[in-house]
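J.: For reference, the structure I am asking about is given below.
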């Protein structure tokens with residue numbers, strides 16, 4: 001018996017179900033491909049394409065069985081035998097509450113559990129409709145337990161696996177031999193665990209719903225062994241050749257780079273400018289020179305601590321010499337008289353070779369020269385050439401002015417970098433190149449006439465004995481070696497695809513489970529929902545998930561793959577494999593588990609092991625708080641909509 005009078009509710013339900021599927025795609029799909037995008041093995045576009053294929057396939061093949069729990073496992077549907085309209089309104093309310101909270105979480109870049117969201121929303125409408133006796137409260141107890149069990153168990157599993165990989169492969173001077181030996185094991189484990197997960201879930205369309213557990217385990221082990229043999233005899237030799245070819249190319253590029261640098265240094269034209277105060281007269285001049293020997297001498301003078309030569313404005317250049325109008329070694333800058341005892345070197349560069357060599361020498365001088373760092377204020381110059389980032393990285397080249405007056409305003413975008421007594425600012429700053437700094441100082445001397453400022457370079461003010469920073473060693477571990485990257489590259493893509501397939505089967509029920517219930521109630525005229533889930537509804541949910549992924553999925557993918565902690569192919573593979581194994585084991589022994597919580601726990605655990613300072617604990621705190629409020633917030637949204645439908649709309653329809 002078709003309930004024609006409630007057709008409007010079915011139409012509204014289909015619209016809201018698509019929005020709910022959209023929100024699931026925007027948030028939950030990051031579980032599968034967030035780490036793969038973060039490690040760089042796939043681009044965001046490639047991840048969206050792969051996820052669209054595997055999410056849709058998984059939702060169609062695996063989604064029917066999981067949807068049964070969402071439809072019947074949270075509330076007692078028998079209590080709605082005489083109030084079918086209330087149950088239909090409740091399913092609509094559940095979809096609204098779940099969709100709203102997941103969209104809010106996606107906007108905030110917080111990964112939350114779609115399962116917990118729909119469970120909370122279902123409990124919310126049931127409390128409004130028939131009170132507390134219609135809720136399966138043990139489901140809620142399991143959800144609360146999963147907040148702690150999921151990340152802890154998955155984190156321990158991921159941490160143990162990553163420590164093994166780190167000890168036996170990553171820490172080795174040559175990681176290739178051990179990596180190739182472990183490759184068949186990794187592939188076998190990946191294939192075996194994910195095949196077991198798919199078979200254990202059961203796919204009604206494939207006739208796997210009645211497969212016994214022992215047969216599932218035996219078949220999974222057999223498939224894993226077959227893949228291990230294929231990898232050992234075919235993939236490993238190919239991978240060995242590929243790694244050797246990559247290392248050979250890198251070595252050749254390194255030699256070419258060194259030869260090019262030597263050639264560039266021989267061809268470089270050096271220009272030494274007459275600096276005010278060097279000889280004490282207006283006619284002091286220094287001829288231009290183009291010899292590579294002079295360039296080398298000038299470069300050496302920077303690094304060996306020889307006499308510093310002041311630099312000023314070049315008013316004219318005659319017969320190959322640069323003439324300076326200033327004789328007393330001072331010039332005006334920003335309304336202050338500047339004592340120009342600054343050492344500078346200005347090179348006209350055809351390429352970056354000599355320039356980089358000079359900056360390295362400055363860096364060495366900065367470390368070796370024993371000078372106390374005075375109190376400093378800072379002036380940031382404009383950015384006008386391509387060497388900015390390199391300069392800042394090597395020697396921190398902003399101009400430092402020792403203003404004695406405290407009323408000099410600091411630029412908004414300035415950043416303090418040099419000296420133990422100087423506080424550090426986190427604001428973004430743009431630095432100029434070394435040669436452009438020289439030009440800017442020269443131009444500044446004609447801007448004013450009086451004052452009292454002494455100009456210093458960052459290289460002269462640096463602490464001669466900089467403290468050793470342990471983070472430097474940790475930064476070296478942020479990226480895998482090229483050969484390690486190749487070893488784990490395809491493995492991580494494989495685990496992400498399997499995870500996406502399983503996720504599509506599991507989480508499509510979160511999106512269209514209430515819609516399936518709504519449709520079956522409308523079609524059959526009763527609450528028991530005896531028919532199986534229509535395939536076209538599963539496909540409808542899969543399309544909605546893909547739409548959400550393409551439009552908004554990048555937000556939570558960035559949180560999972562980049563913001564929480566840096567990800568590499570080796571750590572990403574560990575996270576994917578360990579979290580998948582945790583979900584399979586915990587589900588089989590009856591422990592409450594959440595895929596999202598497992599993935600976040602693995603990301604944090606592996607990130608903490610790789611680098612103590614790499615984990616964004618503030619972000620993790622926010623994610624955990626989002627988990628904590630997911631059930632009550634989704635329930636409140638759902639309860640509000642249910643109250644409107646039950647008391648404001650249904651009595652008048």
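Including glycine, each Cβ sits where the backbone N, Cα and C put it.
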J.: Among 81, 384, which is the one flagged in Swiss-Prot as N-linked glycosylation site?
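T.: Going through 81, 384 one by one, Swiss-Prot annotates 81 as N-linked glycosylation site.
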J.: Which range, 188-208, 251-271, does Swiss-Prot list as transmembrane segment?
T.: 188-208
J.: Within the topological domain 'Cytoplasmic' (554-572), how many residues are helix, strand or coil going by DSSP?
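T.: Helix, strand and coil residues of the topological domain 'Cytoplasmic' (554-572) number 14 helix, 0 strand, 5 coil.
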J.: Return yes if the transmembrane segment (623-643) and the transmembrane segment (110-130) have at least 3 CB pairs under 8 Å (sequence gap of 6 or more), otherwise no.
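T.: Judged by the Cβ rule, the two regions touch, with the required three close pairs present.
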J.: Could you pull out which residues elsewhere in the chain have a CB under 8 Å from any CB of the topological domain 'Cytoplasmic' (554-572), counting only those six or more residues past its ends?
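T.: For the topological domain 'Cytoplasmic' (554-572), the list is 26-27, 29-31, 33-41, 44, 47, 105-107, 109-111, 162, 165, 169-170, 478-480, 484-485, 487-489, 491-492, 599-600, 603-604, 606-608, 610-611, 614-616, 619-620, 623.
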J.: Within 10 Å of the Cβ of residue 81 (N-linked glycosylation site), how many other Cβ atoms can you find? Include all protein chains, please.
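T.: There are 11 of them.
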J.: Cβ pairs under 8 Å with the transmembrane segment (2-22): which stretch of 110-130, 218-238, 533-553, 573-587, 595-610 has the most?
T.: 533-553
J.: DSSP helix, strand and coil counts for the topological domain 'Extracellular' (131-142)?
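T.: Across the topological domain 'Extracellular' (131-142), the residues distribute as 9 helix, 1 strand, 2 coil.
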J.: Check the transmembrane segment (595-610) against the transmembrane segment (218-238) for contact, please; criterion is three or more CB pairs under 8 Å, pairs 6 or more apart in sequence.
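T.: No, since the transmembrane segment (595-610) and the transmembrane segment (218-238) share fewer than 3 Cβ pairs closer than 8 Å, they do not count as touching.
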